[in-house]
Amino acid sequence: MFINRWLFSTNHKDIGTLYMIFGAWAGMVGTGLSILIRAELGQPGSLLGDDQIYNVVVTAHAFVMIFFMVMPIMIGGFGNWLVPLMIGAPDMAFPRMNNMSFWLLPPSFLLLLASSMVEAGAGTGWTVYPPLAGNLAHAGASVDLTIFSLHLAGVSSILGAINFITTIINMKPPAITQYQTPLFVWSVMITAVLLLLSLPVLAAGITMLLTDRNLNTTFFDPAGGGDPILYQHLFWFFGHPEVYILILPGFGMISHIVTYYSGKKEPFGYMGMVWAMMSIGFLGFIVWAHHMFTVGMDVDTRAYFTSATMIIAIPTGVKVFSWLATLHGGNIKWSPAMLWALGFIFLFTIGGLTGIVLSNSSLDIVLHDTYYVVAHFHYVLSMGAVFAIMGGFVHWFPLFTGYTLNDTWAKIHFTIMFVGVNMTFFPQHFLGLAGMPRRYSDYPDAYTTWNTISSMGSFISLTAVILMVFMIWEALASKRVVKSVPLTSTNLEWMHGCPPPFHTFEEPAFIKSSSK
């Protein structure tokens, strides 16, 4: 029974729960790695060995947080749970493939951990650039294991993407058009398209790196007519869409949360929101070289990538102001989920503004590989993606479990986390402007003050993570059952009660067509 339900599952709700638990576990590993980084940087001087081990920790932190925390929770967890419920489908289009997508992740995770355990580990950064990732600078199996780990995670995501695209296009009730599906469903579909188009390019790049390392090919070795810059183009053609993959489902969740707790029946500017997400998805593919302003591209190439990158701010602005317009005039309920959503809007906007700064190629020459970049992407990830995950979690927790979280603890948790992440990452803007470079385990004494404050902030965030574990335990132990959920007519996922039955929509939903 247990094995059939949890190992051979074909139920989107159970698989979503598995993704959630896996993501939470990986999130703790990733948090532990980030604490190691901040402990090392809390004071000048060495704490944990040399720069190689430091860079192994940094690399593992990035991979774990991206591939095993944010993506499994947002796409695998929330996506699996909510998409079928929101479109009235009995399950995903390919339920067994759905199970395989999940079970490819634990082996992938184990391969990544194994890469740190053998030889000196993969201290390449998450970009895995050759020649540092070649078999001279990284002899041994570490980088090879990392490549295999990425292959598995990539296959998992591609299969998941095929599944979501098919489900969303094909499994809606006949009366519903694509433009009547909720924004979270749209965000997952656009994310899936991005995954489907970008991951094969990453797979090609790391496969060539694998053959360069082991079969004496020279794709990225000038000695044999190759070029390391080719690898950078291949990697970032995946890497830039990837950062939009990480944030787009968050956009969808924030739209739902803001609408719900503003007491509105629909978000402001639904069509604008959809087109903005599609624009972001499209533009995300034609800006990749803004990660490469320092490699010596032509001035006209840099001018193009600067302009194209800045254009992404327009659809992003459409989304931010539509969220604010949704809030406007609403009967606002200051629930924990709403606090996360408001925190998201504010902090994501700050992260977006530093992104506009970095898009200027001439400025980026100075700021590239400094802590300014670290501050920028942690504002959009550690306070964008993570705040969206937390907001979605406290909002839909009653749906997933049937129990309610303690409201007071949840608000305290938000406050601690808000203070912690800002104390961690705001000072890093100053460090970057002062020229402190990334990926070094030590630094000149002049940078001590802000690093110490940043490290103290990371421990405040750690406190928040521990408090969240307590909150979940408290909710599951107290068993406060959900009495009623308001606004179910415009929030289809709540219609079956909390938690919904194992099987939903086994008979097709009846849709009344509204004449507009």
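Backbone N, Cα and C define each Cβ position, glycine as well.
If you look up Swiss-Prot, you'll see E40, G45, S441 marked as Na(+) binding site. The Fe(II)-heme a binding site feature in Swiss-Prot is assigned to H61, H378; the stated evidence is similarity to another entry. Taken from Swiss-Prot, the feature O2 binding site covers Y244. The topological domain 'Mitochondrial matrix' annotation in Swiss-Prot covers 1-11, 87-94, 171-182, 262-269, 328-335, 401-406, 479-516 and is backed by similarity to another entry. According to Swiss-Prot, the feature topological domain 'Mitochondrial intermembrane' maps to 41-50, 118-140, 213-227, 287-298, 358-370, 434-446. The transmembrane segment annotation in Swiss-Prot covers 12-40, 51-86, 95-117, 141-170, 183-212, 228-261, 270-286, 299-327, 336-357, 371-400, 407-433, 447-478.
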Inset, instruction - Show, in sequence order, which residues other than E40, G45, S441 on the same chain lie with their Cβ within 8 Å of the centre of the Cβ atoms of the Na(+) site. - result: L41, Q43, P44, S46, L47, L48, Y54, D442
Legend entry - Neighbourhood of G45 (Na(+) binding site) by C-beta distance under 8 A, where only residues 6 or more apart in the same chain count: D442
Legend entry - Candidate binding-site residues H61, Y244, H378, pick with smallest Cα gap to S441 (Na(+) binding site): H61
Legend entry - Closest of E40, H61, H378 to the residue listed as 'O2 binding site', Cα positions, binding-site residues only: H378
Legend entry - Separation of alpha carbons, E40 (Na(+) binding site) and H378 (Fe(II)-heme a binding site) (Å): 18
Inset, instruction - Report, in whole Å, the straight Cα-to-Cα distance of H61 (Fe(II)-heme a binding site) from E40 (Na(+) binding site). - result: 14
Legend entry - Same chain, 6+ residues apart, C-beta under 8 Å of the C-beta of H61 (Fe(II)-heme a binding site), given in sequence order: G30, L33, S34, L36, I37
Legend entry - Intrachain residues whose Cβ lies under 8 Å of the transmembrane segment (371-400), provided they are six or more past its termini: 16-17, 20, 65, 70, 73-74, 78, 81-82, 243, 246-247, 249-251, 253-254, 256-257, 260, 335-341, 343-344, 347-348, 350-352, 354-355, 357-358, 410, 414, 417, 421-422, 424-426, 428-429, 431-433, 436-438, 468, 475, 482, 485, 493-494, 498-500
